[in-house]
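Enquirer: According to Swiss-Prot, the protein has these features:
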type     : residues         : note
DNA_BIND : 728-806          : DNA-binding region
BINDING  : Asp1086, Glu1093 : Mg(2+) 1 binding site
BINDING  : Glu1093          : Mg(2+) 2 binding site
COMPBIAS : 19-33            : compositional bias 'Polar residues'
REGION   : 1-665            : region 'Phosphatidylglycerol lysyltransferase'
REGION   : 9-36             : region 'Disordered'
REGION   : 666-1174         : region 'Lysine--tRNA ligase'
TRANSMEM : 82-102           : transmembrane segment
TRANSMEM : 124-144          : transmembrane segment
TRANSMEM : 148-168          : transmembrane segment
TRANSMEM : 179-199          : transmembrane segment
TRANSMEM : 216-236          : transmembrane segment
TRANSMEM : 274-294          : transmembrane segment
TRANSMEM : 614-634          : transmembrane segment
Amino acid sequence: MGVGLHLTVPGLRRDGRGVQSNSHDTSSKTTADISRCPQHTDAGLQRAATPGISRLLGISSRSVTLTKPRSATRGNSRYHWVPAAAGWTVGVIATLSLLASVSPLIRWIIKVPREFINDYLFNFPDTNFAWSFVLALLAAALTARKRIAWLVLLANMVLAAVVNAAEIAAGGNTAAESFGENLGFAVHVVAIVVLVLGYREFWAKVRRGALFRAAAVWLAGAVVGIVASWGLVELFPGSLAPDERLGYAANRVVGFALADPDLFTGRPHVFLNAIFGLFGAFALIGAAIVLFLSQRADNALTGEDESAIRGLLDLYGKDDSLGYFATRRDKSVVFASSGRACITYRVEVGVCLASGDPVGDHRAWPQAVDAWLRLCQTYGWAPGVMGASSQGAQTYREAGLTALELGDEAILRPADFKLSGPEMRGVRQAVTRARRAGLTVRIRRHRDIAEDEMAQTITRADSWRDTETERGFSMALGRLGDPADSDCLLVEAIDPHNQVLAMLSLVPWGTTGVSLDLMRRSPQSPNGTIELMVSELALHAESLGITRISLNFAVFRAAFEQGAQLGAGPVARLWRGLLVFFSRWWQLETLYRSNMKYQPEWVPRYACYEDARVIPRVGVASVIAEGFLVLPFSRRNRVHTGHHPAVPERLAATGLLHHDGSAPDVSGLRQVGLTNGDGVERRLPEQVRVRFDKLEKLRSSGIDAFPVGRPPSHTVAQALAADHQASVSVSGRIMRIRNYGGVLFAQLRDWSGEMQVLLDNSRLDQGCAADFNAATDLGDLVEMTGHMGASKTGTPSLIVSGWRLIGKCLRPLPNKWKGLLDPEARVRTRYLDLAVNAESRALITARSSVLRAVRETLFAKGFVEVETPILQQLHGGATARPFVTHINTYSMDLFLRIAPELYLKRLCVGGVERVFELGRAFRNEGVDFSHNPEFTLLEAYQAHADYLEWIDGCRELIQNAAQAANGAPIAMRPRTDKGSDGTRHHLEPVDISGIWPVRTVHDAISEALGERIDADTGLTTLRKLCDAAGVPYRTQWDAGAVVLELYEHLVECRTEQPTFYIDFPTSVSPLTRPHRSKRGVAERWDLVAWGIELGTAYSELTDPVEQRRRLQEQSLLAAGGDPEAMELDEDFLQAMEYAMPPTGGLGMGIDRVVMLITGRSIRETLPFPLAKPH
C-alpha cells in the first residue's frame, strides 16, 4: 500500500497535502562505502545561507544550501485539514490502545474515558495489539490521503451512527446512557459530514499488490492464532463458560475485541487478552509484510523497463556517473510521456525516493520530473531525491522541490593523475608497500571472465563483505556477474601465488568513464592494496578507453575540511566533532580521507525534498533504502520481479525493447524518434521546415539530394568563354530563379563567376522546368548539362538539356541584393559571406596570391622552406605575451610559439644558409583593426648578409605580392568622398613601386618633436620631451624604451608611404647585433606603411657571450613578473656557442601585407578571424 509503519502524523501544508521532504543520510556504495555523488558544479542553485551566518559557522554557504522554489503540489482548499485531523485522531487512539495493551497502569488510568469512547464514539478495546496495528495503518493511510482509508473510516462512522440511532430509538436507557448515545450520534453525524465534504482531499490510490496472497497469509495466521488462543483459554479458563471459549478467542484474535464483553459470561485471566491480541497482530503484520513486499516486487523494473533505461543510457548517459545504477532491479521507474527520459525510485515508509538525476535527454527531464511528481501525488507519497547532480537538482528545484547539498563525489581524471609530487606521497608509499609484497593488478571487462571464474569472484565478494546484507541504493548496482553487465570493469589485486586478495567492480559511465560500484578486500591483503588498484586503473586508463573515474562519495566533505582549518568557527568545529564521533559507525571521515589522498576533483551532489518538516521521515527512508536499517523480511531483487511495464506504449510498440533487459538497438531508437520526440522537438524557422519537408519528399521519391560528385567539364568562366553551341557541364549554386511557365531562368554561381542557365521544356531531355522549380530552392547546388547559347535578349546562357541536384541547401541564403551587412555575422558565418559576396571571394584569392608570390620570390633566391615546432617549452624569439597549454604525457606546460626565430637560428648554425618559414604564430594580445591573436608570420634568414640587404629583399617581396594580387605594384587605400549624393566609401590604388624612403629612428623622432635627439640623449631629457608631447611612459623604463615609445606615438602612427626606419636603441633589440659604427643603437629596421608596422629585419647577434648576457636580462624581467619578457633558452645558447655565420634576418607579418595590398582590415582578410563568443 505504500503506507509507512509510523504512528506520528506530520504537519500540514496549506494546500492540504501531507508535508513532503527528503533528507539523505549516509548511504553505502559498497559494504564499507558511504553513498557517492557527482559531477556538475553547484552553479545555478540559489543559496539561502547568508555570508554572515556562514562566517559564524565557519563553513561555506554551499554546504548549507537551501532553496525555496515554487510549490509543486495541489492548490489549497477549504478542507485541506481533514486528512491530517482524521489521521491524528485515529493515531492518538492507536497509540493509547497500544500503551494500554502493554501497561496495566495506563489501562487503569484511561479506563473511564476509554470505556465511554468505546461505548459511544469509536472502537477502543481495553487490550488488543491487533486493533492497535490496524488503527496505526489506518492513521498513516489517512495522513497519506489514501482514498481507501477514507472509505474505511466513513463506513465505520456510518455504522456507529446507525447503532447509536437504533439505541436512541429503542429508548429505555438511563440518563447517562442517553447522553452518551446522543453525543455519539451527533459526533458521528458531524464526522460523516466533514468526511463527505473533504472527499476530494483523499485522492491517493494504493499500488497494486498480491492482495489474495496477503489475505491467505492473514487467514492462516488467524486460524493458528485462534487455535492457539483457544488452547490457552482451555488451560486458563478463569470464569469463562466452556461453550463460549472458542468465540471469545476468535473475538480477541480476529474480531479486535469489538464484540461487547457483556455477551460473554465470565472472563479468562487478564494477561490472556494481551496474548490473544498479539496473535491477531502477528497475523496482520505478516499479511501487511506480504502485501508491501508484493507491491514493490510487482511494480519493480520489468525486462522491458530495464531495456528502455539501457537504451536511454546509450543515447544520453555520458554525463551522469550514477546513471547506470538506474538499472538496479529493486527500483521502480516512471517515464516521461515522450519516452525520452525516466526516473527510477523506490518507496519506503511513504516516501518516494528518486535515485539521482533523471535518465535520458536533458531536454525531457522536466517531463520526467513532472510525471514522477504526479505519481507521488497519485499515491500520496512524499517526494525525495538522493544524489542529484547540480543540473539535476536545478531541474527538481524548478519543479518545486528544495535542494540541500550533502557532500562531494571524488572524480579522478586519468590524464592528470600521477604518483609524483609531495601531495601524492601517502599514495605513493602505499603503492610501494603493496608492490614489495608482490601484488600485481589485473583489469578485465566482465564479459572477458569465464562463468566459473565469475562464480568464484561472487563467492569472494560475499565472503569479504563485513555486513549481513548488501548496502546501497542510488549508488550501488546490487548484483555481480549478471550477463547484462558485461561492460562492467573488474580490477583485482593478485598475490605471488596467483590468489586474488582484493577487487573493485566499476560500472560504465557513458562510453569513456567508469563509476565505482563494489570494493572488497581480503583480511589477509597487505596495506596499500586498494591504493595499488586505484593507481593502476588510473595509470592504465588510456589503454582501456577511460577518461574519468568516479570513486566514493564523501558526505559533508566541506564540514570536515572547513572544521579542521585554522580559524574555524566554534559551530564548524562542533559540527566536525559530531561527524567524527558518528564516523565510528558510519565511516564518514574515513571515506573522506580515503578519497582525498588521490587529489580528486570534488563534485557536489544534492538531496531534494518538498518540505523540511518531514525530513526525519525521509531520512529514515534513505537509511532503509541504502541498507543501513534493514526491515524484517526485506529483500533485494537481482532478477526481474515486475509485472507491470512502465514503458510508454509508443516506445513499447516499436518492438525494439528486450524482455531480458538487454540494451535495444540504439539506431532503431533514433529511427523511431527517441532522440527527437514529443514536447522538445527541434525548433526550426518556417522557411527551414519547408526545405526539410522538401528534402523528405525528394528522398521518398528516390532522389539522392547529396549524391557522389563527378567533375564538371567547365567552370562558369570557362563556359562563358566557350564557343557557341559548345557542349558543357557546369556545377554551382543557384542564386536566383525566374519562372515564366514553360521557360525558367536561373543564375548559377561557382568560384570562377556567375552565368545564366535556361531551362526550356522543349529542350529538356526529360521532365520539365516545373520539376526543377519544385525540387530546388535558392542556395541549392546543381549540376547542369547542355550547350552554350543565348536568350532572346542576347544574354549568354547555358541551354540546359539535363540537370541533377548535388546538394540541398536547408537554410535560406541572406538577402540576394544586400548580402550580410553585419560585420560580426560576416565573420561568424564566413561560408555564407563567401557564397553571396564576390568581394570576400576576391580577398581569399588575393591572400592566396600573396602567399604564393612570397614563396616563389624566396624560392627563386635559393631559400629553403622549413617547419619548426609550434608547441615550445620556452617562449622566446620576441617580446610578447604567449598562450599557455599543457601536455598530459609529460605533465608540463607548453607555449604556442610567438615566433620561430630561435629554431631557425639553430638551422643557421647547422649550415642552412638561406632558410625561411611561413607559418602561424600566436600572441596573447589585443584584437583590433590590425591585430589577431593567431597570425601568419614570415621569418627568413640569409647567411653572410646584414639588415641593409633585407631592405631591398623585403621591398621586392611586397611589390611582387602586390603584382600577383592586383596585377600591378599598387596598394589599395580606403577613401571617403563627400558629395551631393552623400558620403561614398571606396578603395583607391596607390603606387608602391620604386625605392622606398629609409630614415633613422632618432632623425624621425627629432623631426616630429622639433628638437634634436640621438642615442646619447639622456633619460631625463627624453622624459621631459615625452611630457611636452603628451607621450606616456613608465618610470622603470630606460632611455631605449622611452625612445621606442616616442617612435610609436609620433612616427609610426603618422607614417603613410612605405618607409624603413633603421637603427633602433640596443636595449629594445635583445636579439640584434650592435651597430657597427654607432654607439647605443642596433642594426635593425622596421617597415611602416600607413601607420602599421609590416616587418622588421636585423643584423643578427651572433656573439654567444653577448647573447647570453641579454637573454639573462630578459629572464630577470620575466622572473620579476613581466609576461612579455623572453625566457632563458639554454638549448639555443648552447647552439650559438658552435658559431653562427653573420646573418641578416627578416620578419614580416603576412596578414598586414595583405591588408596593405587589399586595403582591408585584418578581420576581412583572414578567412576565420577570432570572434567573440555569442
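Cβ coordinates are placed from backbone N, Cα and C, and glycine is handled just like the others.
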Enquirer: Sequence-remote contacts (6 or more beyond its ends) of the transmembrane segment (179-199), Cβ cut-off under 8 Å?
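Expert: Long-range Cβ neighbours of the transmembrane segment (179-199): 79, 82-83, 86, 116, 119-121, 150, 153-154, 157-158, 160-161, 164-165, 167-168, 173.
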Enquirer: Going by DSSP, is Asp1086 (Mg(2+) 1 binding site) part of a helix, a strand, or coil?
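Expert: In the DSSP reduction, Asp1086 (Mg(2+) 1 binding site) maps to strand.
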Enquirer: What are the DSSP helix, strand and coil residue counts for the DNA-binding region (728-806)?
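Expert: Tallied per class, the DNA-binding region (728-806) gives 7 helix, 49 strand, 23 coil.
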Enquirer: Under 8 Å Cβ to Cβ from Glu1093 (Mg(2+) 1 binding site), same chain, six or more residues apart: give me those in sequence order, or none if nothing qualifies.
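Expert: The answer is Glu1052, Asp1086, Leu1087, Gly1149, Arg1152.
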Enquirer: Over the DNA-binding region (728-806), what is the model's average pLDDT?
Expert: 93
Enquirer: Neighbour count, 10 Å Cβ-Cβ cut-off, for Asp1086 (Mg(2+) 1 binding site): what number do you get?
Expert: 21
Enquirer: Under 8 Å between C-beta atoms and at least six residues away from its ends: which parts of the chain pack against the transmembrane segment (148-168)?
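Expert: Beyond its ends, the transmembrane segment (148-168) has Cβ neighbours at 86, 90, 120-123, 138, 141-142, 177-178, 181-182, 184-185, 188-189, 191-192, 195-196, 199, 202, 206.
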Enquirer: Could you check what DSSP calls Glu1093 (Mg(2+) 1 binding site) once collapsed to helix, strand or coil?
Expert: strand
